[in-house]
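Peer 1: Below you'll find the structure I mean.
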Amino acid sequence: MKWIELCIKTSNEYEETLSYMLNEMGSKGVTIEHSIDVIKQKVEDFERDYRLDPKDYPDNHMVIKAYFNELEFDQDIIDEVLSNISSYHLPIHREDITTQSINEQDWENEWKQYYHPIEIGNQFVIEPSWEKYDQQTSRHVISLDPGMAFGTGDHATTSMCLEMFEQIEVEDKDVIDVGTGSGILSIGAHHLKARSIEALDVDRMAVKVAKENFELNNCLEHINVHTGDLLKDIPHDSKDIVIANILAHIIDLMIEDAHDVLRSGGYFISSGIIDEKCEEIKSRLDKVGFEVVDESHKEGWTALLARKRDQ
């Protein structure tokens, strides 16, 4: 089978928005290639491990690649990409978008070369299933085979969520992970000995990938993973921790439901919020009945740790 690789050159700050947009359009996979300066931070012998053209990777920029079945691809998809970019008010132009036809085997293996073990905060390290973390450490190791469309853990929104775990007690708590993606945050909660973990995602492929990663980390039987629409069907006062690493406008929609689902004193960890939306989300949290007890900012993104006020 052949695939169309659609490439968009853009700034790092638009990674999450474009990934979400392309997945919503029906892309069969999304990969990220950061600028050479970013990649250099991850490997010591850059020239040996990478053979990239520096002209293709301007400083502080990235290339995001989406994959579509060649038989289903036409000009309408490019037009839809441009329309969505315009609706999100992103500074991306037609000349920033290119396409090429590639073989399936090239797609399935090429993206793996950019993914290496990543230390997150003081407690976690995320390793790809094909490259083991070889340092002696007390860190919790999360093994991951993320697939092409889901997070690898190195994005700021994911790493900040894992770091937020360090601020609260997770052991013996009931946790729900909304928009689980590759399941990183649920696996992290399992390592911290959560009593129960529920992981849900509206995307069936995400649920499939998450299940595979839970099995890889020997925790599938401890996590209830399923498709679901945010927190609509979750009983009130049933959780101690709600995690949502999704976009700001979706977090805004679920704040009241998160408050209802949490027990008194429970925590809502939210990420995927662009810095410009931070104060707006904090204000909504306060009005609904949360106290923001910590916030983190990284690469233009915000993560918030909010506690449900005692009732």
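Note that Cβ sites are derived from N, Cα and C of the backbone, with glycine treated the same way.
Sharing the feature lines straight out of TrEMBL:
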BINDING   T158, G179, D201, N245  S-adenosyl-L-methionine binding site
Peer 1: Suppose we draw a 10 Å sphere around the Cβ of G179 (S-adenosyl-L-methionine binding site). How many other Cβ atoms does it contain, all chains included?
Peer 2: 23
Peer 1: Measure from the Cβ of D201 (S-adenosyl-L-methionine binding site) and count the other Cβ atoms within 10 Å, all protein chains considered.
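Peer 2: I get 25 for this one.
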Peer 1: Could you give the maximum C-alpha to C-alpha distance in Å for the residues T158, G179, D201, N245 that bind S-adenosyl-L-methionine per the record?
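Peer 2: 15 Å is the greatest Cα spacing among the residues binding S-adenosyl-L-methionine.
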Peer 1: Counting across all protein chains shown, how many other Cβ atoms sit within 10 Å of the Cβ of N245 (S-adenosyl-L-methionine binding site)?
Peer 2: 26
Peer 1: DSSP secondary structure for G179 (S-adenosyl-L-methionine binding site), reduced to helix/strand/coil, please.
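Peer 2: For G179 (S-adenosyl-L-methionine binding site) - judged by DSSP and reduced to three states - the answer is coil.
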